[in-house]
Amino acid sequence: MGVKAAPKTSKALKDDILEQKSPAEFFADNRNIAGFDNPGKCLYTTIRELVENALDAAESIHVLPDIDITIEEMSQHALNHMRGISNPDRIDEALYHDFESDAARVKRLQREAKELDRLEKLAAKKGETGDALDGKRRDLEARQAAAQGGRSDKVFYRVTIKDNGAGMAHAQIPDMLGRVLSGTKYGVAQTRGKFGLGAKMALIWSKMSTGLPITIRSARPRSATISYYKLDIDIQKNQPNVHEQKLLDNLDHWHGAELSLIIAGNWQYYRSKVLKYLQLIAVITPYTQFNFKYVAEEEKQSLNIVFARRTDVMASPPKIIKHHPASVDLELIKRLAAASKDATLLAFLSKSFACVSRELSGRILDEMQAGVSADMTPAELGDTQLVRLHQLLHEVKFPDPSGNHLSPAGEYNLRLGIMKEFGPDLVATHQGEARVHDGHAFLVEAGVSLGGSTVKPGINIHRFANRIPLLFEGGSDVITRTALKRINWALYKINQATDRVGVFVSIVSTKIPFKGAGKEYIADDVEEMQAAVKSALQACCLQLRSKLVKQAAAREQAQRKRALTKYVPNVAAAVYAIVQGIAARPGKRPRLAPPEKDVIDKVASGDVTQKTLATRLMEHIERFDTDMALEYQMQQGITEGQRVDAFLRPQTDRHRYTALLTTGVASIQLLCPSAAAASSAEVIDVT
């Protein structure tokens with residue numbers, strides 16, 4: 001027989017009690033879920049969250065966004081000085097993990113010298129530009145600097161984001177920033193945020209990495225005062241901890257918000273990601289002015305970049321809509337029924353859900369049976385009846401949502417953004433029709449560009465979800481897989497290996513089917529989304545193919561003209577020599593028709609020279625070239641669309657003709673009622 005275990009003591013039982021975590025504590029322990037994986041990613045995600053909050057704030061009051069982003073580098077020594085902590089010299093160097101012996105230092109220097117030599121040889125072999133080599137050399141030098149002396153010194157950054165948006169009400173600032181999941185960005189609406197955390201996760205990371213509070217300045221439109229707060233968050237209690245608050249005079253009539261916080265980060269490895277993010281957010285929001293400034297401790301490493309506004313046409317704001325029946329789960333139905341103030345189930349179904357009419361609501365209630373009547377209140381539904389309702393809502397065929405509540409960037413803005421940031425030779429854009437997945441409408445808009453000095457050869461894919469760039473885990477994304485595996489680029493006269501192709505795809509929806517804990521890529525297992533992305537890209541490629549075919553025809557025409565022109569002197573000389581030989585033997589001339597005889601006589605008299613023949617040949621080439629171009633344009637006009645006759649009737653009886661300079665694929669006919677022109681009509685064929 002086994003020995004019976006002794007009963008647990010009261011202390012052991014106390015240790016086994018499960019503790020409840022606050023939302024702030026949960027995200028602090030699992031910050032990788034919100035994109036705060038490591039110091040470098042934390043810096044990138046902090047900037048991204050604050051920039052997107054600033055965009056939302058400006059767009060909410062229909063103001064063209066002006067956003068200032070400032071990153072100030074700060075060493076551990078400078079941070080300690082700010083916090084009043086001394087920086088004593090080390091007594092026992094070997095005690096620290098970054099201690100390096102003389103032998104290890106010699107090996108490291110030899111290894112770094114070999115690495116630099118390898119980089120130079122590789123750059124020479126690949127023919128890389130000086131900038132590419134300098135970038136790799138800077139990375140190596142940064143690693144070398146980190147390995148010398150101050151290797152354990154962490155680098156911190158003061159991140160400051162200022163906007164001209166709606167600002168925040170003074171009393172609401174602590175809860176809006178210092179309480180996780182207290183925001184109002186929930187409901188069925190297209191939003192930029194992934195988790196509803198926004199600046200709150202940045203505040204948590206600031207508390208964890210430096211322990212310093214954040215500083216907030218905010219003013220509402222037409223407010224006479226500016227709210228000033230210095231606060232942090234109590235992670236265990238999920239409550240704001242206000243250190244200082246006051247109201248300042250708003251002498252400049254400024255409105256918006258300015259957040260400043262100090263966090264641990266890694267600019268060296270995430271510099272390219274931050275700049276890429278800002279470039280792509282400038283593409284999808286070309287109506288925004290971004291002023292980016294990086295202040296390094298060494299002035300030569302500082303940056304100052306302006307992503308200028310290109311248009312004042314803003315995207316329409318998204319609208320909040322009711323839940324579609326196909327998108328609700330059982331718990332949501334229970335919450336809606338419990339919170340409903342409708343007197344009957346008939347009113348509850350028709351008012352609480354989208355695409356459900358009163359007539360359809362009555363049919364659904366008849367189908368429920370189980371003692372359910374249209375006159376019951378939602379609160380009277382039992383658990384089994386709610387389950388039955390949930391099943392019916394997923395089995396009944398409802399009309400699809402229209403997609404009018406979505407806020408895409410628009411073809412105009414997308415095209416302008418691509419042209420502004422990448423400067424391609426050709427660009428085509430397309431916005432598809434609204435489609436539906438799991439009761440949520442979505443729109444796909446795409447752009448495909450060719451050329452651009454900063455674009456690498458091959459397919460360069462840029463992904464957007466709800467008008468924010470996605471920069472990580474792109475390999476499994478539906479956009480990446482569609483562009484690389486489902487589009488036959490050669491069919492559209494595009495070489496995907498050598499041409500500089502930019503692929504821009506933006507998906508907007510009330511619910512993006514993200515995959516992965518960090519929500520960094522969109523699922524490739526949704527057939528509706530696969531088809532929509534493919535269709536949008538194909539529409540862009542068709543536009544480009546038409547332009548490329550025209551360009552190829554123009555190149556062939558130019559090459560043909562150059563080839564003919566090249567031989568004009570030789571042909572003119574040969575023809576002139578033959579004709580001159582015939583003219584020199586008058587008695588032996590063959591019988592010729594008058595035109596040919598006149599030419600020979602003019603050659604004999606000197607009226608026609610070799611130069612004259614060359615000039616006439618060039619004139620013939622020009623006429624031939626023009627005729628070929630007109631014939632090609634006629635063919636293109638017939639294939640691209642049917643001609644339309646537009647009749648322009650004058651407002652007065654007497655008028656004068658005016659020459660029309662027009663372009664297009666239409667013929668314009670002017671009908672003149674005056675006596676002088678009644679018998680004639682001028683038709684201008686527009687080609």
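The backbone N, Cα and C atoms fix where each Cβ goes, glycine too.
Feature annotation (TrEMBL): of 99-129, 130-160, 595-625, the stretch labelled coiled coil is 99-129. Confidence across the coiled coil (99-129), taken as the mean pLDDT and rounded to a whole number, stands at 74. A sphere of 10 angstroms centred on the C-beta of Ala199 (ATP binding site) encloses 24 other C-beta atoms.
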